[in-house]
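If you check TrEMBL, you get these features:
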| type | residues | note |
| --- | --- | --- |
| BINDING | A:72-77, A:106-110, A:130-131, A:143, A:152, A:170-173 | NAD(+) binding site |
| BINDING | A:185, A:248, A:265 | Zn(2+) binding site |
| DOMAIN | A:68-180 | domain '3-dehydroquinate synthase N-terminal' |
| DOMAIN | A:182-326 | domain '3-dehydroquinate synthase C-terminal' |
């Protein structure tokens with residue numbers, strides 16, 4: 001189906017970079033061509049470091065490699081934890097020519113990227129994502145940042161990596177829940193842009209759940225290619241790029257309501273995509289059959305079908321009001337006109353939205 | 001000598017912007033063409049807000065103008081205070097189309113700029129600098145950031161404003177010490193690049209000290225033009241731009257040693273320029289007469305001629321080791337080959353540097 005080591009280019013002019021995908025890359029791939037000076041700082045977390053830190057260090061032969069290990073979890077995606085990276089960089093006197101390396105999931109990637117964007121007003125960074133979600137989502141596109149108590153990812157920067165290294169072997173240690181969370185984003189690419197990929201996913205969902213290496217590599221490659229294509233057309237989210245947020249407006253509200261880290265990001269996006277599909281049907285955009293097909297695939301990926309217990313429509317309204325896509329107070333949502341065809345819609349409080357919120361809040 | 005309202009363009013391709021300089025601009029100049037959406041957030045401090053906040057609001061007729069007032073001082077240039085800006089933006093639900101306005105000195109400008117660079121991964125901002133130092137220095141060039149306990153301006157971003165509005169009337173309320181601190185940066189432009197401007201300053205230093213409006217406007221215009229020229233050639237400080245840091249490596253060490261805010265930035269830069277000139281002579285780069293001419297002008301501007309009492313050469317060495325200009329552990333300094341001719345030099349611990357440090361630390 002594909003060669004063991006695949007390479008994909010994200011085309012962003014002078015900020016273009018390669019994504020390398022394959023098994024057994026950690027510790028074998030030489031990443032020194034992407035390092036500017038002599039210093040490297042690997043940022044990881046307490047879960048991932050014991051498994052892969054030594055192998056990651058081996059990707060930088062001849063360099064001075066330091067490491068900082070953060071606590072694990074979305075609830076640590078805050079300023080206090082970010083500051084541990086700055087502390088380590090300054091204590092070990094890393095210069096403006098240093099290179100930061102994110103070794104872990106989306107939280108480590110987002111924080112390391114923002115630290116790299118901000119340290120001495122910007123240094124290089126490299127992504128080594130070790131979860132399915134970060135491999136197919138946050139490692140592509142240059143979005144970095146931290147959470148604020150009043151909103152997710154509210155503080156950050158666009159900062160592109162020099163290279164992304166995806167070693168598919170790291171998925172063998174991934175808990176089931178995180179595999180499902182990653183599949184939510186994989187399914188998203190099919191829903192918004194590629195109905196052929198959606199059909200492939202329907203056929204291969206059992207192999208993916210079972211962590212079949214070839215199927216995972218194929219899903220990762222196609223997901224990254226989809227996202228890279230969208231990002232190349234709209235790096236700073238002026239328009240098109242917003243379709244990558246299918247399910248995210250509802251999903252972010254769920255994450256914030258539940259408390260960061262209680263629901264995994266992908267789980268919340270999965271529920272959010274069900275809500276977006278439901279609203280699309282109520283607005284007459286999508287037929288019920290397509291909605292049911294999307295729903296069946298999402299549930300086969302072992303993703304939740306309801307919102308957190310006790311969450312009310314007003315909780316959604318309040319939390320969705322601070323979404324970054326909103327313009328001058330008007331809510332903007334990503335909906336589906338068909339499977340593989342997403343659209344961005346302004347919603348000034350439609351009755352259909354009220355119905356969708358009511359429906360999901362009642363059934364939880 | 002010049003028209004009452006002058007305009008200067010900082011040429012940075014699609015990030016180009018105008019600097020408007022003149023008396024009585026606050027409250028009269030319409031800045032709404034530089035605002036993208038309907039929301040404006042003015043960031044000021046406890047000292048400046050009572051004097052100029054209402055006038056600044058009047059620059060945005062028809063817009064929703066909110067304000068956040070920070071405590072005043074370099075010691076508040078930290079994450080905790082920066083977060084007050086994010087809190088205000090999120091509490092009042094400012095969208096990605098909001099515009100931040102910095103109304104105050106360099107600290108307010110640097111923090112507001114960094115908040116604008118980071119809020120929702122980047123929004124617009126406008127600079128209304130109200131101190132001489134911020135008018136001639138930090139309002140031009142897009143450097144933004146906050147301090148870290150281990151180093152000044154270590155966390156930040158390059159983020160260019162939409163427009164800079166310099167109302168020279170605001171200088172009438174500026175304390176003497178801050179006028180002198182601003183003059184340090186004005187003198188710097190003469191020293192690094194424009195010996196003709198240096199001669200003009202020698203002739204007009206008494207008028208400047210006496211806050212003569214025409215002399216100030218001329219000094220501001222020529223300083224901004226000098227900086228704009230350098231920044232246009234090297235926006236992200238790949239090389240040339242570093243000459244703007246004359247006196248800053250020594251100066252940052254003084255500021256950090258004394259505790260942020262004890263010495264004003266310009267005061268530390270003034271002492272730092274004396275040290276750079278002294279070192280330049282010891283290295284055989286600069287003649288003693290030029291050094292004495294620089295020294296006389298700096299002292300006429302009422303700037304300190306010694307370093308903080310008790311500061312030792314090793315304090316300098318340790319604090320200068322984390323300077324952003326350093327590359328792979330080697331100190332880089334801006335020195336003078338002549339008045340009006342700065343040069344960037346690597347110093348791996350020369351005996352001349354030891355002599356300069358010893359000389360200034362003994363005389364303090």
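The backbone N, Cα and C atoms fix where each Cβ goes, glycine too.
TrEMBL feature annotations superimposed on the structure.
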residue	record	Cβ within 10 Å
A:72	NAD(+) binding site	18
A:75	NAD(+) binding site	14
A:106	NAD(+) binding site	24
A:109	NAD(+) binding site	29
A:131	NAD(+) binding site	28
A:170	NAD(+) binding site	24
A:173	NAD(+) binding site	13
A:185	Zn(2+) binding site	27
A:248	Zn(2+) binding site	26
A:265	Zn(2+) binding site	28
Euclidean distance between Cα atoms of residue A:265 (Zn(2+) binding site) and residue A:106 (NAD(+) binding site), Å: 9
A:185, A:248, A:265 excluded, remaining Cβ within 8 Å of their centroid (Zn(2+)): A:133, A:137, A:184, A:188, A:247, A:251, A:266, A:268, A:269, A:272
Spatial neighbour of residue A:185 (Zn(2+) binding site) that is closest, considering only the binding-site residues A:72, A:131, A:170, A:173 and their CA atoms: A:131
Inter-residue C-alpha distance, residue A:75 (NAD(+) binding site) and residue A:248 (Zn(2+) binding site) (nearest angstrom): 18
Taken over the domain '3-dehydroquinate synthase N-terminal' (A:68-180), the model's mean pLDDT: 94
Three-state secondary structure, residue A:248 (Zn(2+) binding site) (per DSSP): helix
Residue A:72 (NAD(+) binding site) in three-state DSSP notation: coil
Rounded distance in angstrom between the Cα atoms of residue A:265 (Zn(2+) binding site) and residue A:72 (NAD(+) binding site): 14
Nearest-integer angstrom distance between the alpha carbons (Cα) of residue A:72 (NAD(+) binding site) and residue A:248 (Zn(2+) binding site): 22
Between residue A:173 (NAD(+) binding site) and residue A:248 (Zn(2+) binding site), the C-alpha gap once rounded to whole angstrom: 27
Integer Å distance between the CA atoms belonging to residue A:248 (Zn(2+) binding site) and residue A:131 (NAD(+) binding site): 19
Nearest-integer angstrom distance between the alpha carbons (Cα) of residue A:170 (NAD(+) binding site) and residue A:248 (Zn(2+) binding site): 26
